[in-house]
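> Below: one structure in structure tokens.
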Amino acid sequence: MATATLTIDLDAIAANWRALDRLSTPVVQTAAVVKADAYGLGIDRVAPALARAGARRFFTAVAEEGARLRQILGPGPQIGILGGHMAGDTEMIHDLDLTPMLNSLQQVTRHLESLPGHPFGIQLDTGMNRLGMEEAEWRAIAPIVLEAGPVFLMSHLACADEPDNPMNAAQLAQFHHMTDGLGIPRSFAATGGILLGPDYHFDLTRPGIGLYGGQPFDAAQPVVTLSLPVIQTRDVAKGETVGYANAWTADRATTVATLSAGYADGLPRTLSNKVRLWDGDTPVPLIGRVSMDLITADIGHLSEIPRSLDILGPHQGVDDLAAIAGTIGYEILTALGPRYARRHVTRQTGGQA
């Protein structure tokens, strides 16, 4: 088989949701963010696993993702749309019972005029300057919005993965300033915000990356293993080179394995000559450049030629790989390509879910 295998542990995702849920008091609800196809891991398998774990509220980025999620989960769970009510989304929001997070006067007007009585939330800008209404805009429209009855008010932290950053406290103070005394449920914390403590939890938390084994949730169970098949081996003499631009030169006679994966599959070129793969507990250096479809590894120290090598697994998680590549775990996870054979497993059944 020339296709790499991405194994996704659904039990670990469920355990991570329950662990993040336990970090809040019982009166705080814990949602699940499953945007971007559940961070690239397959919303059709991940969302039902989260629902079985106890999640009753979900978030996607856009209405099209919410529509797909509704088809997967059926009626019942609340599906919030972080991008709000965009032009052309009205029928979809109505027919599939989606809850948009309105983030501008234009969106509020569109929603209240086209779908009066339909559930909605409000997104406020507390300093990130990305999505959400700023204070002056919110004060002007708040009476109309509050009369219509939003399901909750939300904002988003810019620096939650940096606990000591003063921006966190500044945004918290602004969120209180904009929402205290209104009697509407509030949501402020994603994964990083949950870890900042109960002052940030309010009524609803929205974990995302922590569900999938990523930082800043250090206690997360690992979720993904990426195994790359060895499709050819060759003996290389001392002084010979490997790959584009002769980027690696053998300092001894060795054996080189060619593996089926490359930057078209989400492995950044910045990993070239830097990262290790794993044969069980034995590290194997990636040598030469990462190309579109292939990478090469020095396996001269192995006693047997392996069928595959792991680039993600218990010895090297998404954030480890991201640090080597000079990026973040979110980017590594969501870039894992469509050519991988995705295998969703559960320990309870001992096999594929």
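Glycine residues also receive a Cβ, built from the backbone N, Cα and C atoms like all the rest.
In case it's useful when we look at the structure, here is the feature table from TrEMBL:
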- Lys35: active site, proton acceptor (ACT_SITE)
- Lys35: N6-(pyridoxal phosphate)lysine (MOD_RES)
- Arg130, Met292: substrate binding site (BINDING)
- 223-345: domain 'Alanine racemase C-terminal' (DOMAIN)
- Tyr244: active site, proton acceptor (ACT_SITE)
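In terms of burial and nearby residues, how do these features look in this structure?
Sequence-distant neighbours of Lys35 (active site, proton acceptor): residues of the same chain at least 6 apart with a C-beta under 8 Å from its C-beta are Phe59, Thr60, Ala61, Val62, Glu65, Leu82, Gly208.
The C-beta environment of Met292 (substrate binding site), restricted to residues of the same chain at least 6 apart in sequence and closer than 8 Å, consists of Gly262, Tyr263, Ala264.
For the domain 'Alanine racemase C-terminal' (223-345), the model's average pLDDT works out to 97.
Taking the Cβ of Tyr244 (active site, proton acceptor) as reference, residues of its chain lying under 8 Å away and at least six apart in sequence are, in sequence order, Gly288, Arg289, Ser291.
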> With H, G and I counted as helix, E and B as strand and the rest as coil, say where DSSP puts Tyr244 (active site, proton acceptor).
helix
> Please report the DSSP secondary structure of Met292 (substrate binding site), reduced to three states.
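Met292 (substrate binding site) sits in coil per DSSP, no helix or strand.
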